[in-house]
Amino acid sequence: MGDMSNSDFYAKNQINEGNHEAGFGCSVMELRSLMEMRGPEAVVKLQDDYTGTEGLCKRLKTSPTEGLAGDQTDLDKRKEIYGKNVIPPKKPKTFLQLVWEALQDVTLIILEIAALISLGLSFYHPPGDSSGEFCGAGAAGVEDEGEADAGWIEGAAILLSVVCVVLVTAFNDWSKEKQFRGLQNRIEQEQKFQVVRGSQVIQLPVSDIVVGDIAQIKYGDLLPADGVLIQGNDLKIDESSLTGESDHVKKNADKDPMLLSGTHVMEGSGRMVVTAVGVNSQTGIIMTLLGAGPEEEEKKQKKGGAVEDGHQNTGKMQDGNMESNQIKVKKQDGAAAMEMQPLKSAEGGESEEKEKKKHTGSKKEKSVLQGKLTKLAVQIGKAGLLMSAVTVIILVLYFAIDNFVLQKLPWLPECTPIYVQFFVKFFIIGVTVLVVAVPEGLPLAVTISLAYSVKKMMKDNNLVRHLDACETMGNATTICSDKTGTLTTNRMTVVQCYIGDVHYKEVPDPAALPTKSMDILINSISLNSAYTTKILPPDKEGGLPKQVGNKTECGLLGFLLDLKRDYQPIRNQIPEEKLYKVYTFNSVRKSMSTVIKLPDGSFRMYSKGASEIVLKKCSYILSEVGEVRVFRPRDKDEMVKKVIEPMACDGLRTICVAYRDFSSDPEPDWEDENSILNDLTAICVVGIEDPVRPEVPDAILKCQQAGITVRMVTGDNINTARAIAIKCGIIHPGEDFICIDGKEFNRRIRNEKGEVEQERIDKVWPKLRVLARSSPTDKHTLVKGIIDSTLGEQRQVVAVTGDGTNDGPALKKADVGFAMGIAGTDVAKEASDIILTDDNFSSIVKAVMWGRNVYDSISKFLQFQLTVNVVAVIVAFTGACITQDSPLKAVQMLWVNLIMDTFASLALATEPPTESLLKRKPYGRNKPLISSTMTKNILGHGVFQLIIIFTLLFAGEKIFDIDSGRNAPLHSPPSEHYTIIFNTFVMMQLFNEINARKIHGERNVFDGIFRNPIFCTIVFGTFAAQIVIVQFGGKPFSCQPLNLEKWMWCIFLGLGELVWGQVIASVPNSKLRFLRRAGQLTRKDDLPEEDTNEDNDEIDHAERELRRGQILWFRGLNRIQTQIRVVNAFRSSLYEGLEKPDSRSSIHNFMTHPEFRIEDSTPNLPLIDDTDDDSARRREKYSSQPSSPNKNNNAIDSGINLTIDTSRSAASSGPASPLHSLETSL
């Protein structure tokens, strides 16, 4: 085998001869094949080809102790030959590709076709001049004033507006993409790594690492490149990201020295020489394989709306952040498709969703909000499709009956083009109804809002890695926070100590201490700590010294400096290579020990760790003169009572420093930890203070006012934890709460067999405020327990902070995981959703604020959008049915669509958050998107706008004394009448946009309006554009210029919206009982089943939310829709359809029986009924229905009893009901 690989090498060397001339002793290919070896084979190969690691370093021209010189030309040469340490991301889509994608939108395609037909027909002149007289009234006036020549304008204008819409959509996608890229780079720059250059340890951005660098690796690192271990202490690596094996692999220089990029250091520390970076490293090779075949990629991309990316990126790169390269597909799969192609026709959308579910079954569920909106958009689209179809049918039938039945005209061949032109006009009207009805703006609004928030959250020290974490944070009900570094400043200082039987309340004078104890103490602290931990002089004059590395160790080193001693000379005497054996700190040991060989050949082990753990292992202690004396169990108890507990009650962390001597023969068995870490001699106990961050108590108070419970989960002693919790305001004396440690916690939540039981956790967590001495598994159990709990109406939404490698599982499990940007390990950052760049708890409060703001922005937009949709659709529909021509023309509709979809989503989605957002409780996961106040506003404004527009339509010519625009012949010039209607409509939308800024029924809608420059710009911009369109739009926009007086009237009617908004705000919701009840789903709706069948996660939360969305949607629109669609239902009773989980194809199942069963096991659903006493009786009967026993993941099975109080419901359409007048006018 050796020969073969050598001959291989020979061949490869021929190719890479150039590299050797460049002065390095090995080529890329040689190193690459070296890195493909594992274990003993690799050791043999290193010896044979390179004479071990020393030889490898020589060939790479680097020194194992001093690293590279750091000379720029040398670094550039290395980058040129061995590549840079970056994995090139996938090419972003070009603007033209995005334009092409925006053109895929079905409604736009239909419009384009209609416009082309219209264009074609306008150029066709029928032979013979007389035809006009025989073709019926419709054709009269066709040739008036040479107007026919302008027939092409409408088609051209439609095409032009389609181009506008497409460009705007593409531009939005493009800028969004650019933002993600920016975010991406930001995250990648965040990751730094320690390298030795010119014998100095420096922090480098990962992308600057080159082959030949000596990298220092420690617990919690994510390796940035491939390398060979030079020296290691107790190093264990998790290689599951490459091999899939979850067992940790032990690495040492003489058995298995190969370290691969993308793997995690789970324990220990060491140094490695970098041998492969970027695309040549193991992760890089896998990524390159994944990125293969770009043409196929493209094809798939078109089909699956970017699903591919999801898979592409599971290869996890540098910081696991390739995810966002396209759109964050990871969690927004459904929405991603919607953003790419705003709405595939209803059915297309559905099958898409199912396809995607298959692809992304394993990924985290779609965000709740995204889910609700996707479904809502699809449903509105279906309703719009129905309305537009009905519009076209009515128009065509009316025309045919009027001409061929009533006037008994024959169909003449020469009239065909004229008739076809009419039909095309009807078709265009139908399509415009559809365009206005489909809210492409919804997914856009979410994306804009999230992207905007993410950008702003950067300034608030939140680096968001997964977009929807931002929105989930707004619903958080519980924050489980670490103590050290998050609630405290993470600047450790020793303030008390116990040495030689004396408890010093402040750092003692060095002269007062026994010299023997002192010497051992100084050696112990200097050697038994990571050599990367240092105390550097302050950056600024008079500042605090800079602490680098592990903060607890910094505190101890600072203690040495306070004792007027220095640690550096001792470290220089015994450099890291000479340490005989190191037991590094981990969450199981909770201590760290270092063994050195003394000059006489015997061994000494220094140990330090949590005081109660190390003291248990001590059998001796140094006395006041520095002599060893026996340390009896009762002495230990006394020490705990007299020293450790008082220190802990002052909020100090207690650390015990100890040592033990071993004889040289027989040499102890170093692998047998239990016998080694025993019979220690205690040197001293120190109390380390870590002061609470000054802004934390305030932040925690804000959380508590906002209805969020803060729980502290820490590895510290219970007394320390309790003292800090009181300082922070997590617990207030006299309250009913629990503070327990990990042992007690486990005793309470596990049954006899040692299994965790949910109902036991449910007894503990509601009152739990502090969990001390907790292991990472306890943290994970607690988070999982709270999330799965069924107490309370809502499922809890849990945010967790973590910094250690072992926090990974809890961060992943939580709804939102916060990793520490400064103290956090790469593994923690990898598992998190948001990185706190300043490690500060108050930044979490900012995240809550932004999250709630996103939810509110979306609601504002929805309220505005639905009002416009409802009004525009009804106007177009009734106008078409009564006057055979939509009062709002196709191009005007497209303009309205542009204002309300694209611009309004920009204006309303970028409102900055205010402190008042923290004054209310969280919404909870199953709160309907459209609250009762919003429904009230949508219906109220809808009614106002409809009344005004219909008044103008049927009486406008009398009021303004102008010619009526109704029943105008084909291609007639635009009328002032219809221009006034269009202008008033737009003015009302503009002023209603200001109303939409407040959704909780506030009075002052102008509050803080100037804090949002985007909003002001858009409102004024739209107003200016409207003036231009009306005055100079002419034929393409079907507008006739208006004089000042008529403009004033239009603006006056628009201003009416603001006044009417105040009127609506004065109507208390309690008066509108039907609104209040309509928004709730009784009983608990959130099944805590996500975990029991994760493989079967097809119907996840999002799906459940989606079905809920259906009910909501009906509620918002059914009153108006049904007046047109189910006219007969007014007289009998009206039933609201709730769709079966399995028949997702049909959305309007209007039931004709008061009760229908979905499955035998589910409770009956009482539907809207118009007999008061009956409904009351029925309500009593159903509200006591038990929840269903069957536990499939169907939303319905959670026992939704939809009790809708209809005693005063408008749907019951009694003569006094507010909608009665509307019905009669219809």
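One is the number of the first residue shown, and numbering goes on along the chain from there.
Each Cβ is built from the backbone N, Cα and C atoms, and glycine gets one as well.
Any TrEMBL annotation is an automated prediction that lacks curation.
Taken from TrEMBL, the feature domain 'Cation-transporting P-type ATPase N-terminal' applies to 49-123.
Sequence annotations record features per position, and here TrEMBL assigns transmembrane segment to 106-124 (among others).
Among residues of the same chain six or more beyond the transmembrane segment (152-171), those with a C-beta under 8 A of the stretch's C-beta atoms are 95, 98-99, 101-103, 105, 108, 111-112, 114-119, 122-123, 342, 428, 440, 444, 889-891, 894-895, 897-898, 902, 1035-1038. Taken from TrEMBL, the feature transmembrane segment applies to 152-171 (among others).
Sequence annotations record features per position, and here TrEMBL assigns region 'Disordered' to 292-366 (among others).
Here TrEMBL flags 297-311 as compositional bias 'Basic and acidic residues'.
According to TrEMBL, the feature compositional bias 'Polar residues' maps to 312-327.
Under the heading transmembrane segment, TrEMBL lists 385-406 (among others).
Under 8 Å from some Cβ of the transmembrane segment (426-452) lie the Cβ atoms of residues 105, 107, 110-111, 114-115, 117-118, 154, 158, 169, 172, 176, 179-180, 335, 338-339, 342-343, 369-370, 373-374, 376-377, 380-381, 383-385, 387-389, 391-392, 395-396, 399, 467-468, 470-471, 854, 857-858, 861-862, 865-866, 868-869, 872-873, 876-877, 880, 885-886, 888-890, 893-894, 896-897, 900-902, 904-906, 908-910, all in the same chain and six or more residues away from its ends. Sequence annotations record features per position, and here TrEMBL assigns transmembrane segment to 426-452 (among others).
Residues annotated as transmembrane segment in TrEMBL: 861-882 (among others). Away from its own ends, the transmembrane segment (861-882) comes close to residues 376, 380, 384, 387, 390-391, 394-395, 398, 426, 429, 432-433, 436-437, 439, 441-442, 445, 449, 888, 893, 896, 900-901, 904-905, 908-909, 929-930, 934, 937-938, 941-942, 945-946, 949-950, 953, 985, 989, 992-993, 996, 999, 1116-1117, 1120, 1124, 1226 of its chain (Cβ-Cβ under 8 Å, at least six residues beyond either end).
Sequence annotations record features per position, and here TrEMBL assigns transmembrane segment to 938-956 (among others). Counting same-chain residues at least six beyond the ends of the transmembrane segment (938-956), those with a Cβ under 8 angstroms from any Cβ of the stretch are 863, 866-867, 870-871, 874-875, 878-879, 883, 887, 930, 962, 964, 966, 977, 980-981, 984-985, 988, 992, 995, 1053, 1056-1057, 1060-1061, 1063-1064, 1067, 1116, 1119-1120, 1218-1219, 1222, 1225.
Taken from TrEMBL, the feature transmembrane segment covers 1014-1034 (among others).
For 1046-1067 (among others), the entry in TrEMBL reads transmembrane segment.
If you look up TrEMBL, you'll see 1158-1226 (among others) marked as region 'Disordered'.
As annotated by TrEMBL, compositional bias 'Low complexity' applies to 1183-1194 (among others).
Among the features that TrEMBL reports, compositional bias 'Low complexity' is placed at 1207-1226 (among others).
In the predicted model, residues of the domain 'Cation-transporting P-type ATPase N-terminal' (49-123) average a pLDDT of 83.
Secondary structure counts, DSSP: the domain 'Cation-transporting P-type ATPase N-terminal' (49-123) has 47 helix, 3 strand, 25 coil.
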